[in-house]
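Colleague: Handing you a structure now.
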Amino acid sequence: MSAGGSSVTAPQGPRHIAIIMDGNGRWAARRGLPPSSGHKAGVERIRDLIEACKSRRIEVLTLFAFSSENWQRPPKEVELLMSLFHSYLRREARKMKEQGVRLRVIGRRDRFSARLQRAIAEAEEMTADGAAGTLVIAADYGGQWDIAEAARSLAAEVAAGERDIDSIDEMALSERVQLADLPPVDLLIRSSGEQRISNFILWQAAYSEFYFTETLWPDFGEQELDAALAAYRKRDRRYGGRDEGGRSEGGLEAQA
Ligand code: IPE
Ligand code: IPE
Ligand code: MG
């Protein structure tokens, strides 16, 4: 990885990339095909992307696969997405194990079929000791749901007398939301030209760098990833501090 040699402010890494995989429907429509063809083509991009991230020493890749709101799609499309998710887990878990990749699924699980819930649990179990990298799949995930769940669990502890209400602060929430145990999301990519977050990681993206590309998800390959990484390395991550003359290292402590 290009760790050394860069300027003081150029960000290292990134360690954690999250992607909103958007544009399957438009990719298919441009070919006169139904959305299902776009979703199938989209799934095919994931395997290479995992390898590409691994070889670039990216520790965590988080993929937004199905949002809390995607249940509103036509039933046939939802059904297809569920069956693609199931077959993906069945097919790829073994491969991930061989690659040393640990899989984690975030989001609600109770609205999935028992069969899909089982496949998720088995894939997570099978890959649990993978140490070469982590793949997080966000499915039936919503950023607002995530924050509400964290708030609810803290409130339950207060109600049970296990926690003081004054202990509920940014740190407490940060420790309770999904991905809390992983490195922060450095780079958030969205394909297909839309420039919105669509209820993805709201809390966790507080200081993520955003990268938008017109490329539709089924066309997203290694060159796109490298373009995003190149853009990321040019960013100046200030976290609200002041970047005096391009040197912000230790800025916060220096100002304290
Ligand atoms: C993203 O592709 C995949 C999911 C939301 C599951 P879309 O299906 O949203 O593609 P567009 O936005 O219609 O092109
Ligand atoms: C966001 O894409 C969800 C995923 C990519 C899984 P959508 O296509 O559902 O988002 P909107 O409707 O354009 O905001
Ligand atoms: Mg879309």
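Each Cβ is built from the backbone N, Cα and C atoms, and glycine gets one as well.
Per TrEMBL, active site is recorded for D22. The active site, proton acceptor annotation in TrEMBL covers N70. According to TrEMBL, the feature Mg(2+) binding site maps to D22, E209. Residues or ranges marked as substrate binding site by TrEMBL: 23-27, H39, 67-69, W71, R73, R190, 196-198. The compositional bias 'Basic and acidic residues' annotation in TrEMBL covers 238-247. Per TrEMBL, region 'Disordered' is recorded for 236-256.
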Colleague: Just how many other Cβ atoms lie inside 10 Å of the Cβ on S198 (substrate binding site)?
Modeller: 15
Colleague: Could you list the residues of the same chain, at least six apart in sequence, whose Cβ is under 8 A from the Cβ of G25 (substrate binding site)?
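Modeller: Counting only residues 6 or more apart in sequence, the Cβ neighbours of G25 (substrate binding site) under 8 Å are P35, G38.
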Colleague: State the count of C-beta atoms found within 10 angstroms of the C-beta of E209 (Mg(2+) binding site), not counting that atom itself.
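Modeller: So the Cβ neighbour count for E209 (Mg(2+) binding site) comes to 21.
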Colleague: Return one of helix, strand or coil for R73 (substrate binding site), based on DSSP.
Modeller: coil
Colleague: Give me the Cα-Cα distance between S198 (substrate binding site) and D22 (active site), rounded to a whole Å.
Modeller: 10
Colleague: Taking the recorded positions one at a time (D22, E69), which has its Cβ surrounded by the most other Cβ atoms within 10 Å?
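Modeller: That would be D22, with the most Cβ atoms nearby.
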Colleague: Of G23, G25, E69, which binding-site residues come close to ligand 1, meaning Cβ under 6 Å from one of its atoms?
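Modeller: Within range of ligand 1: G23, G25.
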Colleague: DSSP secondary structure for E209 (Mg(2+) binding site), reduced to helix/strand/coil, please.
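Modeller: Looking at the DSSP assignment, E209 (Mg(2+) binding site) belongs to a strand.
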Colleague: Which recorded positions of D22, G23, W27, S67, R73 contact ligand 2 in the sense of C-beta under 6 Å?
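Modeller: Checking each Cβ against ligand 2, the ones under 6 Å are D22, S67.
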Colleague: Including all protein chains displayed, how many Cβ atoms other than that of S67 (substrate binding site) lie within 10 Å of its Cβ?
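Modeller: Around the Cβ of S67 (substrate binding site), 21 other Cβ atoms lie within 10 Å.
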Colleague: Please report how many Å separate the Cα atom of S67 (substrate binding site) from that of D22 (active site), as a whole number.
Modeller: 11
Colleague: Report the recorded positions (D22, W27, R73, R196) that meet this criterion: Cβ distance to the nearest atom of ligand 3 under 6 Å. Use sequence order and write none if nothing qualifies.
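Modeller: Going through D22, W27, R73, R196 in sequence order, those close to ligand 3 turn out to be D22.
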Colleague: What is the separation, in Å, between the Cα atoms of G23 (substrate binding site) and N70 (active site, proton acceptor)?
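Modeller: Pair distance, Cα basis, whole Å: 14 Å.
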